[in-house]
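Trainee: Sharing the features that Swiss-Prot gives for it:
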- 1-10: compositional bias 'Basic residues' (COMPBIAS)
- THR272: phosphothreonine (MOD_RES)
- GLY394, PRO395, PRO396, GLY397, THR398, GLY399, LYS400, THR401: ATP 1 binding site (BINDING)
- GLY668, PRO669, PRO670, GLY671, CYS672, SER673, LYS674, THR675: ATP 2 binding site (BINDING)
- LYS859: SUMO2 cross-link (CROSSLNK)
Amino acid sequence: MSSKKNRKRLNQSAENGSSLPSAASSCAEARAPSAGSDFAATSGTLTVTNLLEKVDDKIPKTFQNSLIHLGLNTMKSANICIGRPVLLTSLNGKQEVYTAWPMAGFPGGKVGLSEMAQKNVGVRPGDAIQVQPLVGAVLQAEEMDVALSDKDMEINEEELTGCILRKLDGKIVLPGNFLYCTFYGRPYKLQVLRVKGADGMILGGPQSDSDTDAQRMAFEQSSMETSSLELSLQLSQLDLEDTQIPTSRSTPYKPIDDRITNKASDVLLDVTQSPGDGSGLMLEEVTGLKCNFESAREGNEQLTEEERLLKFSIGAKCNTDTFYFISSTTRVNFTEIDKNSKEQDNQFKVTYDMIGGLSSQLKAIREIIELPLKQPELFKSYGIPAPRGVLLYGPPGTGKTMIARAVANEVGAYVSVINGPEIISKFYGETEAKLRQIFAEATLRHPSIIFIDELDALCPKREGAQNEVEKRVVASLLTLMDGIGSEVSEGQVLVLGATNRPHALDAALRRPGRFDKEIEIGVPNAQDRLDILQKLLRRVPHLLTEAELLQLANSAHGYVGADLKVLCNEAGLCALRRILKKQPNLPDVKVAGLVKITLKDFLQAMNDIRPSAMREIAIDVPNVSWSDIGGLESIKLKLEQAVEWPLKHPESFIRMGIQPPKGVLLYGPPGCSKTMIAKALANESGLNFLAIKGPELMNKYVGESERAVRETFRKARAVAPSIIFFDELDALAVERGSSLGAGNVADRVLAQLLTEMDGIEQLKDVTILAATNRPDRIDKALMRPGRIDRIIYVPLPDAATRREIFKLQFHSMPVSNEVDLDELILQTDAYSGAEIVAVCREAALLALEEDIQANLIMKRHFTQALSTVTPRIPESLRRFYEDYQEKSGLHTL
């Protein structure tokens with residue numbers, strides 16, 4: 001039954017005043033036992049669930065977003081037709097019109113909504129929502145007011161209006177709905193404030209978000225307290241005027257202007273047809289509810305808090321069955337949003353004072369960007385062309401994107417962000433069209449900044465391009481950047497690019513006139529890290545002093561800005577866990593006042609958070625200290641001079657006019673603690689430690705071995721100060737001409753290694769530590785000063801060193817008092833350090849062989865162990881190291 005017929009039957013029933021009360025009373029008596037459940041069934045209350053992913057392929061994707069999924073039985077019981085519009089009403093009063101679509105096997109009593117639909121209506125899976133067919137007419141919307149954010153106020157409203165009317169033609173809108181459209185490659189979200197129909201009726205604006213949220217919270221709280229209260233009883237306590245004729249609950253709630261009457265009944269469009277006898281049932285519901293309202297009002301004079309809430313949220317609206325849709329002739333008016341939202345947005349804007357450690361880069365960027373945008377006439381008067389582009393390059397996490405956002409916020413320019421891979425399309429010409437749209441919009445809304453992130457993915461070198469799409473994209477971007485200066489907005493549009501692979505960019509893009517300036521955003525040093533930490537901890541409660549902050553900045557080698565931010569977050573979690581561990585039942589308000597970050601929290605967090613550049617090559621630094629190595633005090637001193645002194649006392653080296661040693665080579669017989677010394681150095685220095693085994697770099701493919709060497713040094717520079725440890729260097733740096741392998745792989749690797757250690761590009765804050773037991777096989781070019789400055793011979797341990805080794809071993813072993821340490825030292829004259837440890841281990845095993853419950857290691861066990869473990873370094877090899885030391889002139893310690 002159409003809306004007109006429903007009105008006609010209602011009028012006929014109203015004229016028969018004598019029959020109305022009787023019908024109402026009979027209806028009320030018949031429904032009294034189960035009024036709440038019947039009302040919920042007829043109102044179409046369903047449970048929200050997620051939209052099914054597998055939908056009919058015949059349905060266009062653009063149309064699938066406007067569908068809701070229902071079961072066939074649910075649609076039949078609710079009188080919902082296939083493909084017809086339905087009204088969704090949530091508990092908080094938000095309404096939206098969608099199209100019903102049946103799904104085979106869909107569970108009954110549920111409605112499938114997309115994530116966007118759930119967000120628009122304000123529901124989540126499991127919530128209750130009312131689904132009703134549109135019983136009435138749909139008119140053309142003559143006028144519509146939409147809210148536009150303040151940053152979009154300068155857009156061409158005429159073009160945006162055309163885009164909205166073209167893409168949303170036929171969509172039924174209500175006040176408070178959100179409209180989504182893509183304009184010049186950028187998504188827009190507009191809120192409908194007011195709708196005026198062709199009949200002259202005006203649907204007013206919705207309540208503010210804060211009011212709606214407050215009402216929703218109050219409603220949820222009241223519903224929890226009165227969950228047993230039936231819906232019919234709640235509705236019966238609403239205060240309605242006697243002169244109003246209530247319509248069916250299945251019609252939507254929309255605010256209307258009572259002064260405006262229907263003037264366009266000739267263009268009404270019937271949306272659904274009710275069943276033949278459905279109007280009679282509707283009349284019974286109306287009269288029954290009318291009687292319930294009147295009887296309840298007589299017996300309940302005072303309203304509870306829940307009743308006043310219901311009266312406020314529902315009684316303030318009227319019922320109407322007229323809806324309005326967008327057409328090509330609808331007039332769209334754009335209004336600015338509330339200024340309160342602006343103030344909230346300003347709190348999260350990135351500014352210059354929030355960026356630490358990049359003062360010199362920020363100064364250069366501001367000179368290039370701010371002057372042309374703020375004072376374009378100055379450049380014109382001197383005839384200086386304004387820069388068109390600035391390229392920021394550096395490792396990930398150093399702050400390139402953050403700088404772009406800060407510049408846009410400080411200058412007040414419009415920002416368009418292009419993420420390289422996002423605009424790439426498989427369709428011919430679509431990627432170039434998106435680029436043209438973005439540049440056209442930026443030109444229209446000048447001053448503007450176009451920020452292209454991951455520029456290397458969008459514009460790689462055309463020589464190595466795999467397909468024609470990449471070449472066309474590069475050509476389009478070159479043309480668009482050349483066209484910036486010829487536009488009316490000369491100097492008002494600037495392209496800001498960011499990449500961590502500048503060598504992969506096309507050469508034509510990096511020439512002056514396109515990207516006029518290239519600024520490196522590198523890994524911060526200790527002073528920069530201190531500045532970053534101070535900025536990050538400015539609003540964080542902590543107990544760190546200036547000295548502790550300086551210590552933390554000095555120890556955070558290789559950490560970039562993003563790593564330090566994650567480090568602060570992890571330290572905060574450590575502090576929170578520390579407080580909750582002591583007082584687990586503390587309320588949240590008191591916990592917030594007690595949580596203060598300390599240096600211990602930061603040190604604990606540094607064990608879990610490693611520099612991002614070290615994650616792919618991170619190794620577990622062994623827990624070996626200098627005290628675990630017996631003797632060798634002079635070697636420890638030499639290593640401290642080469643590694644720790646340049647970091648702790650840089651002014652001393654500057655005062656003396658010398659450079660710290662670049663490389664240290666440890667050579668000597670096997671088992672003399674060369675690798676163990678490297679482990680202790682990695683642990684004691686606290687530097688980033690890269691352990692490289694010589695054979696690991698060798699690869700059977702041409703060029704891969706050299707690339708592995710380059711990558712190793714590149715990573716070391718990225719996390720400087722750092723140590724590269726080459727174990728078994730003789731396998732990697734063999735003397736040139738001695739390699740018999742095909743293609744002279746060893747020679748090429750050696751050449752790459754020599755270039756990296758002392759080539760045109762200076763190796764700064766990276767120390768080379770190598771170990772070998774065959775120094776005669778290493779190429780002489782690698783052994784010269786400037787590459788390997790310190791060559792240290794690690795001989796067999798002398799008597800004093802053997803005493804220290806035995807003491808370290810006896811410290812953790814139950815040794816009997818009859819064991820004579822001096823005698824053991826004399827008996828192990830030609831033993832290496834590893835062999836002495838083997839003697840102690842063998843003695844302990846012999847004691848366990850005699851008695852598995854043994855508590856002491858006796859002298860006889862050591863005597864038997866010495867006969868089992870004999871020196872494995874022959875006299876000839878010892879003589880070889882001594883002769884090599886004398887002939888080569890290498891100094892010993």
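Heads up, the Cβ atoms here are built off N, Cα and C, so glycines get one too.
The model shown is predicted, which means the values in this text are computed figures rather than measured ones.
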Trainee: Around the ATP 1 site (GLY394, PRO395, PRO396, GLY397, THR398, GLY399, LYS400, THR401), what further same-chain residues have their C-beta within 8 angstroms of the site's C-beta centre?
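Mentor: Not counting the recorded site residues, we get ALA498, ASN500, ILE521, VAL560, GLY561, ALA562.
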Trainee: Would you count the other CB atoms within 10 A of the CB of SER673 (ATP 2 binding site), including those on all shown protein chains?
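Mentor: So the number of other Cβ atoms within 10 Å of SER673 (ATP 2 binding site) is 26.
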Trainee: Within 8 Å of the centroid of the Cβ atoms of GLY668, PRO669, PRO670, GLY671, CYS672, SER673, LYS674, THR675, which other residues of that chain place their own Cβ, given that this set defines the recorded ATP 2 site?
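Mentor: Not counting the recorded site residues, we get ALA771, ASN773, VAL794, SER832, GLY833, ALA834.
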Trainee: Compare the Cα of GLY394 (ATP 1 binding site) against each of the binding-site residues PRO669, PRO670, CYS672, SER673, LYS674 and report the nearest.
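Mentor: Result for GLY394 (ATP 1 binding site): the nearest of the binding-site residues is LYS674.
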Trainee: I'd like to confirm something. Which of the binding-site residues, THR398, GLY399, THR401, has a Cα closest to the Cα of CYS672 (ATP 2 binding site)?
Mentor: THR398
Trainee: By a simple count of other Cβ atoms within 10 Å, which of LYS400, LYS674, LYS859, the recorded positions in the record, is least packed?
Mentor: LYS859
Trainee: Can you tell which of the binding-site residues PRO669, GLY671, SER673, LYS674 lies nearest to GLY399 (ATP 1 binding site) in space, using Cα positions?
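Mentor: The answer is LYS674.
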Trainee: Taking just the CA atoms, what is the gap between GLY671 (ATP 2 binding site) and the residue listed as 'SUMO2 cross-link' in Å?
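Mentor: Answer for this pair: 25 Å between alpha carbons.
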Trainee: What's the CA to CA span in angstrom from LYS400 (ATP 1 binding site) over to THR675 (ATP 2 binding site)?
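Mentor: Just about 40 Å between their Cα atoms.
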